[in-house]
Amino acid sequence: MASPTPSRHTLIPVLLALLAMTSTGLVRADDATAPANPDVTAEAAEAVETIIVTPSDDPNPPVTQLDPDSPPEPWDPAEIGEFELVDQLGRPVTKESLLGRPWVANFIFTRCAHQCPAMCMKIKEILERLEDSDVRFVTITVDPEHDDVERMAQFADIYSADPDNWLFVTGEPGEVYRLIRKGFKVAAWENFGSDRLPGFEFAHSMSLVHVGPDGRVMGKYNSQIDEELVTMRRVLDGRIETPPAHRPVPPVEAEPDFRNVPARNVPPWVMRLPTTNATLNGLATLLLIVGFIAIKSGNVQLHKQMMLYAFATSIAFLMFYLTYHFALHHYTGESSRKFTGTGTIRTVYLSILLTHVVLAAAVPVLASLTIYRAWRQQWDKHKFIARITFPIWLYVSVTGVIIYFMLYHLPTA
């Protein structure tokens, strides 16, 4: 999402600079090779695989070669091959055992600080909406040496996962990574050196891979883009076919990097509105504070100007806010973006959101009444209502910016 352009005024650039800050999380990999890292051990380097596809004009069938010493193999983007893993109950999980029902694979590790729990929370919400569907999710660890059956069971319990429709899978490291890289054709690797931080020991694809009842890949979706999750849910519900953009990559094409691809079917101007709304909330906060300082300093004229500007800014925010939610519903079927954080951060977010929504409903009435009393020069009544309006208005403006950062810039993948 583009950062807002700073104003030329003296105080506003500070505000807008703060609004432009974004949090960064685990590096996500959707390509088939890990970046070079001088700190990576020789053993880890040997685990990195490169997929080589023959050109489209080659008369021979496309092939893949995972390392220089292995022979080329036929390339089939929808084939995942055979595998033998184990779920959170210790039950064997194989390609054959999953046949007959559609399933969706995703990749996590239990030590992950934020992104993996956020993805699992999204899956939990999807499963709750798919009560009548026979689809199941298969969550595969990229850290099988640490994530044994017991740890996977504990992680599954966090989300009250039903083992009949949500499996948490581990296994031998070689088998796990062969399935991830060669079967699903996505990337995962262990971080080393300065990249290895607590909770960020691994980097991996954030894709959700839809596999049909016949065991062949039907589609791939980016779990970091809500609009793609809506599309996947509609596919799983049987309401639409898998869109061409989500189908297995043809042999002559490389897998797209979804990190820089905007949400599909949503115009860019809609995607920019949350930043615009946060900027307006921040500007209203600044105007309210300047207006408060002005009246305390006896500068009535400046106070009047700042408060009227703040009122106009809040009206503009309300218009853009409603436009965004109507447009989002029109293009995606969802009227709002869901918060994906878990635990304490989710409780904090919901507490802020609840108080923000309740008090925001009162601001238009209180602000209008305060301005009306000043216009009629009913100064005693104006001062009385202003002492109520100001802290509520300021709280709503500040929490509007906080909610924006938590919803759009807290690491979610």
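Glycine too: its Cβ is placed from the backbone N, Cα and C atoms.
The structure displayed is predicted, hence computed values, not measured ones.
So that you can see what the record holds, here are the features copied from TrEMBL:
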| type | residues | note |
| --- | --- | --- |
| SIGNAL | 1-29 | signal peptide |
| DOMAIN | 54-241 | domain 'Thioredoxin' |
| DISULFID | C112-C116 | disulfide bond |
| BINDING | C112, C116, H204 | Cu cation binding site |
| TRANSMEM | 278-295 | transmembrane segment |
| TRANSMEM | 307-328 | transmembrane segment |
| TRANSMEM | 348-372 | transmembrane segment |
| TRANSMEM | 384-407 | transmembrane segment |
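Considering only the disulfide-bonded residues C112, C116, the Cβ with the fewest other Cβ atoms within 10 Å is that of C112. Counting Cβ pairs under 8 Å that are 6 or more residues apart, the transmembrane segment (278-295) and the transmembrane segment (348-372) reach fewer than 3 and are not in contact. Each residue contributes its Cα atom, and for C112 (disulfide bond) and H204 (Cu cation binding site) those atoms are 11 Å apart. Summarised as a single figure, the pLDDT of the domain 'Thioredoxin' (54-241) averages 89. Here the CA atom of C116 (disulfide bond) lies 10 Å from the CA atom of H204 (Cu cation binding site).
In this structure, C112 (disulfide bond) belongs to neither helix nor strand by DSSP; it is coil.
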